[in-house]
Amino acid sequence: MNESYRCQAATWVERGSSATMGGVLFSAGLLGNLLALVLLARSGLGSCRPGPLHPPPSVFYVLVCGLTVTHLLGKCLISPMVLAAYAQNRSLKELLPASGNQLCEAFAFLMSFFGLASTLQLLAMALECWLSLGHPFFYQRHITARRGVLVAPVAGAFSLAFCALPFAGFGKFVQYCPGTWCFIQMIHKKRSFSVIGFSVLYSSLMALLVLATVVCNLGAMSNLYAMHRRQRHHPRRCSRDRAQSGSDYRHGSPNPLEELDHFVLLALTTVLFTMCSLPLIYRAYYGAFKLVDRADGDSEDLQALRFLSVISIVDPWIFIIFRTSVFRMLFHKAFTRPLIYRNWCSHSWQTNMESTL
């Protein structure tokens, strides 16, 4: 047996490991995602009769709901196996001895699946934000809530097919220390192309998705800055244009303040996702191209996996904090009102000068 990992064939949980952190993270993730879904429902996502009092859900909130459900499913399917391993002091391979390595492979598949699916959905959210700000006419004609509902199933289908490749012989799943985690094997003594190739392919795809998300957010930020400049230099025209297009906003076009909320929320989530994804990407490339053919960084690999799992825990809490009325009020007072006041003062000064002349 070509063992490249210290705990690859372990049957017991390594000494010195505790389930406390896993239990806390599971509880925080479960509570956070449930509360996030409640807030989404209260914000109008569950309205069945769109109208003046019940506007239809925006595409952005449909995407947020899909991401939250994905996080919740991942947390409910993965974390109980970790806690069960700690409770019985058995590794994942020994929790169901009759199944052989199947439980470990299922755990690794779920880890890779939910990691990729949530990244794809986050990219869709960033793309939606960029299109709504930079290409509003295209957005109005082609981006609808019905199409937004398809994002989560399509992302799930792609992730399902991609992450199932190890079951077809391309790639391999392995148990990591302390025996409570399984994931994609990132090193191999004989430099197997299928093992190393799938690891590099998965991490490269993740890196590409994270990069595309950052690019979309930078584009959205550039559009927001351009809109702010136009509002400063042409306040009358902006007000007139907004009044003329009021019906369009009521029929699904984003409100400026709502877009600002969405963008800040998306920026925070993207920064978090980038920070939590980079360690895994680095470890995959390091394991594939390092000179020594042995696993000398079990703790580093475990930390990278834990960083990846933190995303589904912290994301909903960011959403909960940001969607509270107190935080929104403080945010709008700190950023939106000063800009409006400054534009009003600038416009008043310009009008007085024109009347004087």
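Just so it is clear, glycine is given a Cβ too, placed from its N, Cα and C backbone atoms.
What you see is a predicted model, and the numbers here were worked out from it, not measured in a lab.
Residues or ranges marked as topological domain 'Extracellular' by Swiss-Prot: 1-20, 79-106, 171-194, 283-306. The annotation N-linked glycosylation site is assigned in Swiss-Prot to Asn2, Asn89 on the grounds of sequence analysis. Under the heading transmembrane segment, Swiss-Prot lists 21-41, 58-78, 107-127, 150-170, 195-215, 262-282, 307-327. What Swiss-Prot records for Cys104-Cys182 is disulfide bond, and it gives sequence analysis as the kind of evidence.
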Residues satisfying Cβ distance under 8 Å from Asn89 (N-linked glycosylation site), sequence separation of at least 6: Trp12, Val13
Mean of pLDDT values spanning the topological domain 'Extracellular' (171-194): 81
Cβ atoms near Cys182 (disulfide bond) (within 10 Å, other residues, all chains): 28
Counts by DSSP class (helix H/G/I, strand E/B, coil) across the topological domain 'Extracellular' (171-194): 2 helix, 8 strand, 14 coil
For Cys104 (disulfide bond), the three-state class that DSSP assigns: helix
Stretch in 58-78, 150-170, 262-282 most in contact with the transmembrane segment (195-215), if contact is a CB pair under 8 A: 262-282
Cys104 (disulfide bond), number of other Cβ atoms within 10 Å: 26
Where Asn89 (N-linked glycosylation site) falls in three-state DSSP terms: coil
Tertiary contacts of the topological domain 'Extracellular' (79-106) (same chain, 6+ residues out, Cβ under 8 Å): 7, 9-13, 17-19, 22-23, 25-26, 29-30, 166-167, 173-175, 179-182
